[in-house]
4 protein chains.
Amino acid sequence: MKQEKLPTPLRGIVPPMVTPLLSNDALDVNGLEKLIEHILGGGVHGLFILGTTGEAPNLSYHLRHELVKRTCEQVAGRVPVLVGITDTVVSESLRLANTAAEAGAAAVVSAPPYYFTPSQDELVHYYKHLADRLPLPLFLYNMPSHTKVSFAPATVKAIAKHPNVVGLKDSSGNTVYFQLMCNALKDNPDFSLLIGPEEVTAEAVLMGGHGGVNGGANLFPQLYVDLYEAALTKDFELIGTLQNHVLEISSHLYTVSSCGTSYLKGVKAALSVLGICSDFMAEPHQSYQAEEKLKIRGYLKEIKSNMQGQYQSTVNL
Amino acid sequence: MKQEKLPTPLRGIVPPMVTPLLSNDALDVNGLEKLIEHILGGGVHGLFILGTTGEAPNLSYHLRHELVKRTCEQVAGRVPVLVGITDTVVSESLRLANTAAEAGAAAVVSAPPYYFTPSQDELVHYYKHLADRLPLPLFLYNMPSHTKVSFAPATVKAIAKHPNVVGLKDSSGNTVYFQLMCNALKDNPDFSLLIGPEEVTAEAVLMGGHGGVNGGANLFPQLYVDLYEAALTKDFELIGTLQNHVLEISSHLYTVSSCGTSYLKGVKAALSVLGICSDFMAEPHQSYQAEEKLKIRGYLKEIKSNMQGQYQSTVNL
Amino acid sequence: MKQEKLPTPLRGIVPPMVTPLLSNDALDVNGLEKLIEHILGGGVHGLFILGTTGEAPNLSYHLRHELVKRTCEQVAGRVPVLVGITDTVVSESLRLANTAAEAGAAAVVSAPPYYFTPSQDELVHYYKHLADRLPLPLFLYNMPSHTKVSFAPATVKAIAKHPNVVGLKDSSGNTVYFQLMCNALKDNPDFSLLIGPEEVTAEAVLMGGHGGVNGGANLFPQLYVDLYEAALTKDFELIGTLQNHVLEISSHLYTVSSCGTSYLKGVKAALSVLGICSDFMAEPHQSYQAEEKLKIRGYLKEIKSNMQGQYQSTVNL
Amino acid sequence: MKQEKLPTPLRGIVPPMVTPLLSNDALDVNGLEKLIEHILGGGVHGLFILGTTGEAPNLSYHLRHELVKRTCEQVAGRVPVLVGITDTVVSESLRLANTAAEAGAAAVVSAPPYYFTPSQDELVHYYKHLADRLPLPLFLYNMPSHTKVSFAPATVKAIAKHPNVVGLKDSSGNTVYFQLMCNALKDNPDFSLLIGPEEVTAEAVLMGGHGGVNGGANLFPQLYVDLYEAALTKDFELIGTLQNHVLEISSHLYTVSSCGTSYLKGVKAALSVLGICSDFMAEPHQSYQAEEKLKIRGYLKEIKSNMQGQYQSTVNL
């Protein structure tokens, strides 16, 4: 077991990896290997598994634990692995965290328990108590569209006092919130503020955020790394070019259907079209059918043509 | 193992039982026994465990399975036991259903997987596939405030064609929806339409609904049974009196705090004040403190005084 | 000017009249006359103009004032006329109320100002101050789907102390709320509790509500009056038959499109198909086109055939 | 009448001016004059009246028309004046637009009619028809928290083909949306994309947006102008300093109460504390009382002390 020490604050692109599946209960082991190598080949700064993009809530526990082990083994310390432990059952969160620690992961990530809606006080209490028991550093995960609750700035400030709490991933899409969070935590320079939506990663980094947890980096990891670095070095010409690619990906690949999971289905279908891994989705979700995958193929072709030879995968479309 | 055959349609009061806990990971076994006897003593028509009121999503799996076994053993076939199998992981739903079948439960109950929001098509597909694999009849559970999705009438109609699907519990509070559902399913007289909120059980039964899954029946089971029967026999004088009690319970016991779980905290605190079981709540929730429990005690006293000796528990307040 | 004294509490069916329009800025005067006579011919207990169904917020002020005058003149004291004065500008609410009083209307109806979302305290203050200045009794109008705020029971209780405040129309569709409101106001027997959605009028009346403000009564006024009376006399066989008609109307006529105003467009289109008035809608809304109107015609035919000669209009479909 | 020609695209800081009021129906004429001079003294690039911050929906029409005239007269062509014409009644929108044109305003601004929720198709139709009849160029105004609808990117693209439509002000706070909008309109370089929330103006400008419609510029106009210019010239050290001030203002002045209008009340109270104009608010809103104003005073003092002599108003706190 080799573990990459977690930088404080964690910076850069930390892709939220999809979970390659063969069936509802079996990993696509080959696909997983290819996907990890594909993503790491892009120069990313970490890897986040078992998040929303990883369909974690719909995966059986043995599969989640297996994924943690296989991923950590494959990554082999090249980058820090972050493991999602979000669950409505706290003991399952802890069990996953222990597996993560044993496997050599660098940190865990938790969104609020998501059936009931906890109060802000309950969030503070829950996370302090959770952090006490965790074998790894903890990132909070703000995902109000799925959990129905947003961490208030004062709540994060209170939880962040715990030495085991090292960062926040904000997937709200509301950068007013992200800016207010940056302000609330400005006295805590080791606290990592990462942003979910790739469309606003550049601006978040320009304004002091530490990086992005961007789903599109499953497909084109180097694109997002380059955009992050362009933002870091304030190379606005390059930002302009790369941001265009990112917005084309988002506008086309993630909107093929109008359902609430069109983003996730789009990423999985595109990975399958690119020959990287299976696009099977765990119940209750249905993968895209042939018609939608044809559209995805068309958009991928166009996007790659716009990229003029950059960020190519090996597959001909 | 003795199993009560499930009536078609299931009618009457089927209390959604709270889960008595000593700690986050241990049942209050004595409390459970007392609670079951207390509820069954009220003449209820069934018992629903592991629903929202049962805090199911926050209970560890071994505890859920233990609760199923202990409850079925204690009930011993006196009434049908319905077991909630709602989960984001379908294999855990199936595992719980199997335990329920082995323990002698009469049916299972499932709300949609609740982190992602499935489309109506995905709900149809998910539930048909689930029902194929279930060892027991299935009730759908509509709970949009927690799951973010409502079963459309056409969706229920489509799923209800499956021979294993026997009813719907609607906890939306929107009786326009319930009436439209009654209309959509009027050609299916064996399909049971149960309503969650106790404040509208009487009217739902008057208008053709089959019964209520009412949280207050943890506290005063006979009150809800009497109200159900008064609605069935259209005894409006009695409905008037009993509905007043029900509304007093709802107005006072369930609104002691303004948090989203004040109903649940109120029921648990009241059960503890009544000496029936512990009010410990699983993480991330916090039970009421002394101050709020004092208010609960005061309201209980008032409510019981209004009941003039009816529906008494044995405890002096 | 002849004015019908307002009964306390107001009881029965008070249809929320659509506003027949020839253009964005002109009433369909003939249609208005026919519509009023059609509705009054059904034996209704009042007439509510300039509500949501009346498209009030989209009508120019001269047209609203003209509608008040023409309606009161045509009704000529046969039933109480209630006039919606909901507006974001309080002086316009007052101006409308004065026109209503001069024209002989019996009461005014007001939903909260609806761009900003007032707090409960602001609602209390606003309505007490408004009621002080009104020349007519006031009904509160709860319509959270459009105004983004619901009157809390305590808020209604506080406002209802004002002698000018005589009732509440609840269009939330949430009958738990309606029941809690009945309980909160049980010491105020002159306060009228009316329900908006026709699908739940029967049960609301059975449980102590005073009547319904039902949009379908534009189309089949006597049906809703008969249902109200059946509920009042607890004639459950008749309730069953009539409720079926009501649910068929709701399930089919109001769902022809999936837009947020499909109810309103359905009622207007059906009135036009029935030859009663124009289906023109004020900006920004678009009336149904030929294709949707054909569907409406088909449903109307089926609904009328189910009614077996009852509730016929004079038009052959 | 002197009119400033509207630049295409409009760029810079265009403060959404509060409306100084003496009573529900009377402008604070002196306050208005002082406020306009205060704002223009900060070097702003335009002035937007009768928006959300201007409480437009709650102002009587004569007052809105008077405000347009007085403001244009006072501004006297120094900067372009933009006039909000948002209304549920289209004829009132047109009447305001005509007054604006006569008074010398440069453009009008419109959010969707806000009681009913129009479909995207209806938005396209409504705005094309509106733009046909307007005497001035039109800015769309995206304000989903108040209007319950967001302009889809395709909707804006369709409306933007109309030659009279010159820009969009986005107040959603969702910069993912803003970025997707920038992408959707990248072939239309004359179309102005302005952002509402001041917390994200810097990043929006860095990423290609044209400027900010920032409420805080009522208080400290030059701060927002300097921040805009720092973003334009990519002076990141200055951006860092100024953004801190902006976030302090937002974190403290706009959160004194928890009601939905705490931002607006905070701005008005601060203007009154600064001696610039009255903080009276139109019904149904209530201005802050002494206690909250004391807090505002304290925060203002702190904010100004952090500014170290920059952005001072003339009042001692």
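Each position is counted from 1, following the chain as shown.
The backbone N, Cα and C atoms fix where each Cβ goes, and this holds for glycine too.
Pulled from TrEMBL, these are the features on record:
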type     : residues          : note
ACT_SITE : B:Tyr141          : active site, proton donor/acceptor
ACT_SITE : B:Lys169          : active site, schiff-base intermediate with substrate
BINDING  : B:Thr53, B:Val213 : pyruvate binding site
For the residue listed as 'active site, proton donor/acceptor', find which of the recorded positions B:Thr53, B:Lys169, B:Val213 come within 10 Å, Cα to Cα.
B:Lys169
Cβ neighbour count (10 Å, all chains) around the residue listed as 'active site, proton donor/acceptor' is 29
Would you identify the secondary structure of B:Val213 (pyruvate binding site) according to DSSP, in three states?
coil
Cα of B:Thr53 (pyruvate binding site) to Cα of B:Lys169 (active site, schiff-base intermediate with substrate), in Å and rounded, measures 13
Express the distance between the Cα positions of B:Val213 (pyruvate binding site) and the residue listed as 'active site, schiff-base intermediate with substrate' as a whole number of Å.
8
Name the secondary structure element type, per DSSP in three states, that contains B:Thr53 (pyruvate binding site).
coil
With an 8 Å cut-off on Cβ-Cβ distance and a minimum sequence separation of at least 6, pull the same-chain contacts of B:Lys169 (active site, schiff-base intermediate with substrate), or say none.
B:Phe48, B:Val109, B:Phe139, B:Leu140, B:Tyr141, B:Asn142, B:Leu194, B:Ile195, B:Gly196, B:Val213
